[in-house]
Amino acid sequence: MRSVSVFGATGSIGESTFDLLTGQGGRDTYRTVALTGGRNVARLAEMARALGAEVAVTAHDDCLSDLRDALAGSGVEVAAGAAAIAEAAARPADWTMSAIVGAAGLVPGFRALSHGGTLALANKESLVTAGPLLMAEARRHDARILPVDSEHSAVFQALVGEDLATVEHITITASGGAFRDWPLDRLARATVAEASTHPNWAMGQRITIDSASMFNKALEMIETREFFGISPDQIEVLLHPESLVHALVGFRDGGVIAHLGTPDMRHAIGYALNWPDRAHLPVGRLDLARAGSLSFRAPDPVRYPALRLAREVMAAGGLCGAAFNAAKEAALDAFIAGRIGFTVMAEVVEAALERLSGAGALGMAPGDLDMVLAADAEARRVAGEIITLRQGG
Ligand code: NAD
Ligand code: MG
């Protein structure tokens, strides 16, 4: 029986993962080791009971007693806090879903690699902040990382049987998010509610807002570089409003292999869960005759400054990815809290990177996780100062 753990089980990716595990036999097929979540302990407990998990962990200490009550008599162990999540990740599982949102997913993902097995990586922030360390950790323990981000799963599938050395470019697509057709001068006044709707994908709030600002695609460019090890100038972004083509890989003979499918994360999650097999998955089928046409255009650099920032981050290397992600998370928190406007997010990130790299703080290649976490903390602090100055702007 295959053992599985799901980190961030109560989120959007976590729910889809739970849905697939249940659909593939649940506790008759899988032995569930750990499930983790946040404040939604009722749902976490429900999932833990349904899968017969060994341990359920909430990220919040003040939720522990509720979780304990909800799991009373179930035989499921309970725990709380970041250290308990890391401890749960150190328990061996054959397959681990990394679906915590943000840099908080970094340490659990690392711990999960320490016992080998497969890490299904939805948490792109791990690769953005600590890509080389994460890939090295996987090699050291003979663990496997499978991409879950839809674009990266698409590239991975397009590369089956191919030689990476023959790849000329990798193009990831972007829907353009909630504001792709808004007049530019309206963007500054976009509200949190408006930014939290996505034209095609149903996702967690943070990644949905990151899709509107294109910070999500910026992270994904860096994720592409770290996962596939190709150079930044081979990575392209194409606006594709229909979200049916997820990525294209161009080869040196002029051939291009694209991956298509309806926008449903259960495809990429299911691919990673069943790899190298392809299982029957409960996702909508692509109907191109009904879609009629697919459209593409180059992203507008004025509307989406995040894409330029991603290129600068990749060129600078070192701890820049960690600082970029942390400053972005701080700016996103401030936007959600109503402290700064939508377009100020990119300004905050750019100013934070300028200040940190001006101080020579980001040049070093991270030697270990502590260096990454320190750069993350410093970038949050600097971004916080800039946000305070810009507040209301
Ligand atoms: P979500 O907000 O819906 O869920 C996040 C999960 O992480 C929840 O279980 C939450 O309780 C937990 N969590 C949040 N903060 C935490 C913390 N500090 N410590 C521990 N746990 C914490 O997010 P999501 O949309 O499911 O995204 C999860 C990850 O997958 C992100 O990295 C995102 O970029 C990536 N991703 C998501 C999608 C999608 O369709 N939702 C697609 C591609 C990639
Ligand atoms: Mg994606």
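Cβ atoms here come from the backbone N, Cα and C positions, even for glycine.
Counting only same-chain residues six or more apart in sequence, the Cβ atoms lying under 8 angstroms from the Cβ of Thr10 (NADPH binding site) belong to Gly37, Gly38, Asn40, Arg43, Leu44, Met47. According to TrEMBL, the feature NADPH binding site maps to Thr10, Gly11, Ser12, Ile13, Gly38, Arg39, Asn40, Asn123, Glu125, Gly204.
Look at TrEMBL and you will find Lys124, Ser150, Glu151, Ser175, His198, Ser211, Asn216, Lys217, Glu220 tagged as 1-deoxy-D-xylulose 5-phosphate binding site. Glu220 (1-deoxy-D-xylulose 5-phosphate binding site) falls within a helical segment according to DSSP. Taking a C-beta cut-off of under 8 angstroms and a sequence separation of 6 or more, Glu220 (1-deoxy-D-xylulose 5-phosphate binding site) has the following same-chain neighbours: Lys124, Asp149, Glu151, His152, Ile172.
The Mn(2+) binding site annotation in TrEMBL covers Asp149, Glu151, Glu220.
For 4-131, the entry in TrEMBL reads domain '1-deoxy-D-xylulose 5-phosphate reductoisomerase N-terminal'. Under DSSP, residues within the domain '1-deoxy-D-xylulose 5-phosphate reductoisomerase N-terminal' (4-131) fall into helix, strand and coil as 63 helix, 28 strand, 37 coil.
Per DSSP, the secondary structure of the domain '1-deoxy-D-xylulose 5-phosphate reductoisomerase C-terminal' (145-228) breaks down as 45 helix, 11 strand, 28 coil. Taken from TrEMBL, the feature domain '1-deoxy-D-xylulose 5-phosphate reductoisomerase C-terminal' covers 145-228.
Taken together, the residues in the domain 'DXP reductoisomerase C-terminal' (260-381) have a mean pLDDT of 97 on the 0 to 100 scale. Taken from TrEMBL, the feature domain 'DXP reductoisomerase C-terminal' covers 260-381.
Proximity to ligand 1 (Cβ under 6 Å from any of its atoms) holds for these binding-site residues out of Ser12, Gly38, Lys124, Glu151, His198: Ser12, Gly38, Lys124.
Sequence-distant contacts of Glu125 (NADPH binding site), defined by Cβ-Cβ distance under 8 angstroms and a gap of at least six in the same chain, are Val101, Gly102, Ala103, Gly105, Leu106, Leu219, Asn325. Among the binding-site residues listed (Gly38, Asn40, Glu125, Asp149, Glu151), Asp149, Glu151 have a CB atom closer than 6 Å to some atom of ligand 2, in sequence order. Long-range Cβ neighbours of His198 (1-deoxy-D-xylulose 5-phosphate binding site) (same chain, at least 6 residues apart, Cβ-Cβ under 8 Å): Ser175, Gly177, Ala178, Thr208, Ser211, Ala212.
Across the domain 'DXP reductoisomerase C-terminal' (260-381), the DSSP tally of helix, strand and coil residues reads 71 helix, 2 strand, 49 coil. Most Cβ neighbours within 10 Å among the binding-site residues Ser12, Asn40, Asn216: this distinction goes to Asn216.
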